[in-house]
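Below: one structure, written as structure tokens.
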Protein chains: 2
Amino acid sequence: MVLTIHKEITKIEKGTIVTPAGFKAAGIHTGVKRKRNDLGVIYCESPASAAAVYTLNVIQAAPLKVTKESIAEEGKIQAVIVNSGNANACTGKQGENDAYLMRRATAEQFSLPEHYVAVASTGIIGLDMPMEKIIPGIKKLNPEATEKSANQFNESILTTDLVIKSTCYQTTINGKTVTMAGSAKGSGMIEPNMATMLAFITTDAAIEPDMLQVALKEVTDKTFNCITIDGDTSTNDMVLVMSSGKAANEALTPEHEEWDVFVELLKQTCEDLAKMIARDGEGATKLIEVEVNGAYDDSQAVKVAKTVVGSSLVKTAVYGADANWGRIIAAIGYSGAVVDAETIDTSIGHIQLLKDSQPLSYSEEEATEYLKNETIKISIDLNVGNGSGKAWGCDLTYDYVRINASYRS
Amino acid sequence: MVLTIHKEITKIEKGTIVTPAGFKAAGIHTGVKRKRNDLGVIYCESPASAAAVYTLNVIQAAPLKVTKESIAEEGKIQAVIVNSGNANACTGKQGENDAYLMRRATAEQFSLPEHYVAVASTGIIGLDMPMEKIIPGIKKLNPEATEKSANQFNESILTTDLVIKSTCYQTTINGKTVTMAGSAKGSGMIEPNMATMLAFITTDAAIEPDMLQVALKEVTDKTFNCITIDGDTSTNDMVLVMSSGKAANEALTPEHEEWDVFVELLKQTCEDLAKMIARDGEGATKLIEVEVNGAYDDSQAVKVAKTVVGSSLVKTAVYGADANWGRIIAAIGYSGAVVDAETIDTSIGHIQLLKDSQPLSYSEEEATEYLKNETIKISIDLNVGNGSGKAWGCDLTYDYVRINASYRS
């Protein structure tokens, strides 16, 4: 069954957030950041079903409040306005007013009710929004359905990211072609760096907002919530999905016979973006993927995977190309998951390091060679149950310290 | 009352683990490490009341099992044998046998029942113990009650530690002079670095083992359990207290009118050692102390303090002398503690940065100047309750990455 699903989902190499039917995008430079685009919009021709998940941080930036209010009204969004360079966080009453003003200006620009507009911000926290740049910028936004305009949007949401993060997949549901695409920004605000993560996903699948929320929650727990750069959780994180319904499939619900195909489509899209974010973590030179099998259950497997991929000692060992299984087993031991201290198997790539918690003889040269790759897979079998899960992260490097220890001014 | 207690406890500048009556120590070089002492013993003239706490890591090294068994027998310990250079962890059945052999050889050397001997190890994990060096070493140990022999012991337990960690305090209980001293090793094994923490505390106070355990548990939660170097928990951590009873005070119990004095004596000793460990964290240039007030309760205050002091972004900001309150408030927000997003006050040293979660105007130059000190105090008031607590850590530096990314061989 899993195989069947994978066959039906095709990566669209040149696809962008405007490839799904009904979507347009724009991105411009308003001067909040020095050079790169800093204001963008995704626009849908008609009100799109919307679902979103937000940071678990108790301290949440003003735009999150405004977006939650918009979605709560009808579950529909037609435009999402995003700026980078200023996070509008810890800005009090003024910040709230500014987020509402951004929503209103966007609604006016596209002649929409205000609650059809979502707002997202990323950048410096604690500084008032430069509204004298943002508002005139919003009035200049002219979204198009071109690859160029999508890439202008993709650039407009970046902060310390080194690369644009974009992906696109296609499948069929009820014999109709369904397309989904995503754009994300990752780890790091310009100053101070706070690992804000934003992801925007567009699709033309037909689905009601509450069903979309169900799918997003399920998939987020297996993708975006399984990456860690440095364990710090931002005040501004947001994942927003909009579906235009223009694929004209029968509306998706968990009872729909191809519900699993849609969830898998969303999972592929989110996993791609999540891995791109991890690989582009501040100072990172390598993507680390940890796969755990044989856990008590799936959530414990994810717990172990996240603990291992988040361990500073594992991260520095990978940076140093050191097959340091001692740090891996120690992280497993303090993960809080059910573990039998005598039954742990561990491999790096195809090289098995531990069997029943005991070191095997392996070639250090071969292991060091493997650890020089840009993607490192650590596989763990706890042999206590049938749970499995994955998590992604990156190595901890001199550059991480350099980026984060440098003065803001 | 707190003031009274503090008055009665005096720091003994030249005091060591052999200053409390009844204790002797030794430390020698056997060749497990290249140069520095690597085998040591603390010996008590008579069976001492013993209490210990151990790592919460599910993967525990063999010596911990042996020490637990020894203490379980009678609650008495007369000798603790400690080696550095090899942790005897993840060494299976052979490792257990070796730990038992170390206990037996020590018992024979000092003509003691085996269950009067505790064993502790720190160093490389996954390698069999070099028993051909350890056993002849044990036979050479000749403990004395001199400052020199205490310092030889202090050195014998170190791994990547840059400095010896030792402290000593005196007070009176029932009019009798009571002395307590401690020796510890901190963050970092030679290779691979795993932040093993060992602490050994001697006192001549009269107290039964179970009461000593009560005091140790209470104090550990406020001291050793409040430090974090990199969030990784070792397989070998152990804190062991031995009391000879030679001060001849009335045996201490929570009902004793000076119980609080004894607990405070133990707290001062443990806090000193904990702060020394944090300051000497791998690659550290600064000790960071986070004090939280106004939390819902004391345990939530400690939770917030530990989250802030453990944040990689706060640690790098302190390294870079950057008064980055945004990272502090973000860490408070994801600590999991009860927080009101509108009422957080934050200071660095005497400089207040946030009032009611809003940035104040302060001199960046003054803040940067303060952050160049070797001890950095971050004070937080959550203004939601009366809980208070502290945690200690260190900055995250290039040297941390260098130390931990270097090859084991």
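Note that Cβ sites are derived from N, Cα and C of the backbone, with glycine treated the same way.
Among the features that TrEMBL reports, substrate binding site is placed at B:Thr159, B:Lys185, B:Thr196, B:Glu282, B:Asn404, B:Ser409. Sequence annotations record features per position, and here TrEMBL assigns active site, nucleophile to B:Thr196.
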Filtered binding-site residues - B:Thr159, B:Lys185, B:Glu282, B:Asn404 - keeping only those with Cβ under 8 Å from chain A: B:Asn404
Among B:Thr159, B:Asn404, the one of these binding-site residues whose Cβ has the fewest neighbouring Cβ atoms within 10 Å: B:Thr159
B:Asn404 (substrate binding site) - helix vs strand vs coil (DSSP): helix
Residue, out of the binding-site residues B:Lys185, B:Glu282, whose Cβ gathers the largest set of other Cβ atoms within 10 Å: B:Lys185
Mapped DSSP class for B:Lys185 (substrate binding site), helix or strand or coil: strand
